[in-house]
Amino acid sequence: CQGNIGPCTIVGLCCLVGICGNMGVVMVIARKFRRGDKNFTLKLVLNLAMADLLSLVTLPVWIHSWLFGWVLGVKACRFFSFLVIGSLYCSVLTVTLMSVQRYLAVLYTRQWMKLRGAGERILLASLWGLSGVLACPALVLGDVVGEEMRCRWKYSSVGEKVFTKSMETLWGFIVPFTILVTSYGCLHHKVNDTAFFSSPRLTKLVTSIVVTFFVLWCPLHVVNIMGICGLLLKSEYLNNICETGWAVTQALTFINSCVNPFLYAFAFRKRNKKTEQSTQSTQSKITQFT
């Protein structure tokens, strides 16, 4: 219990700040929707806030579990594991889609415009569907294990654990981060003389997105990779390091859900104010992806 007090304190603060911040985002976007402003980026920010809220509202259950053990049974363990993992995947995939959307909206405007309406709804539904698929192992592997009664995944073999952990890192970090960096990198390279990157604030926003994602998600997947190496090499030392670092790296992923509303919604609000002061031609280009 004592070893989990630090991470639990961090996660508890994230829960309070993150829920308030994301609820604020939902209310602000709801007002914009009522005024008829329903561009796709706003829908993505709303989707991100909803995914983050879904993961954050489960935190009291996990904090109690980390401190006192899991007392709700196997079915609840699987349900809450599926819920939090699915929502975290959805958050990561939404951030990834935002980078792709900006790239396509600026460089392939006509093709992107064809996706309006039904295409946008399909993309959003696909995000949640894919997130659910990626979280499905929790419904099979979730179990209450150990003397301390922890809600963990119980694997039938080393091969199953290696495969599952590898897929987590591949789809939860490597693929999204690669797409994120590639999309923003190509966008900066091709349109660095246009309005998108002419503002230091916008450049700072893009940099913050990439750096925040890397800093808060990389440690978890480093621990994942070390765990895989520990299993393959049968190294008790690596396995012990992973067991020690698990709680801290998990806490970092929830910090990401806490900072997202400040990183995106409030930055976009400042960005929109500046956009309104630009010329009409520049304004029409920017509004396609803001």
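Using the three backbone atoms N, Cα and C, a Cβ is placed for every residue, glycine included.
Since this is a predicted model, take the numbers as computed values, not measurements.
Per TrEMBL, these features apply:
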type: TRANSMEM; residues: 6-30; note: transmembrane segment
type: DOMAIN; residues: 21-264; note: domain 'G-protein coupled receptors family 1 profile'
type: TRANSMEM; residues: 42-67; note: transmembrane segment
type: TRANSMEM; residues: 79-100; note: transmembrane segment
type: TRANSMEM; residues: 121-140; note: transmembrane segment
type: TRANSMEM; residues: 170-187; note: transmembrane segment
type: TRANSMEM; residues: 208-233; note: transmembrane segment
type: TRANSMEM; residues: 245-267; note: transmembrane segment
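Only sequence-distant pairs (6 or more apart) were considered; of these, fewer than three Cβ pairs between the transmembrane segment (79-100) and the transmembrane segment (6-30) are under 8 A, so the stretches are not in contact. On the 0 to 100 pLDDT scale, the domain 'G-protein coupled receptors family 1 profile' (21-264) averages 87 in the predicted structure.
The recorded stretches the transmembrane segment (245-267) and the transmembrane segment (42-67) share 3+ CB pairs below 8 A when only pairs 6 or more apart in sequence are counted, and are therefore in contact. Counting only same-chain residues 6+ beyond the ends of the transmembrane segment (170-187), those with a CB under 8 A from a CB of the stretch are 88-89, 92-93, 95-96, 99-100, 102-103, 106-107, 134, 196-197, 206, 209-210, 213-214, 217-218, 220-221.
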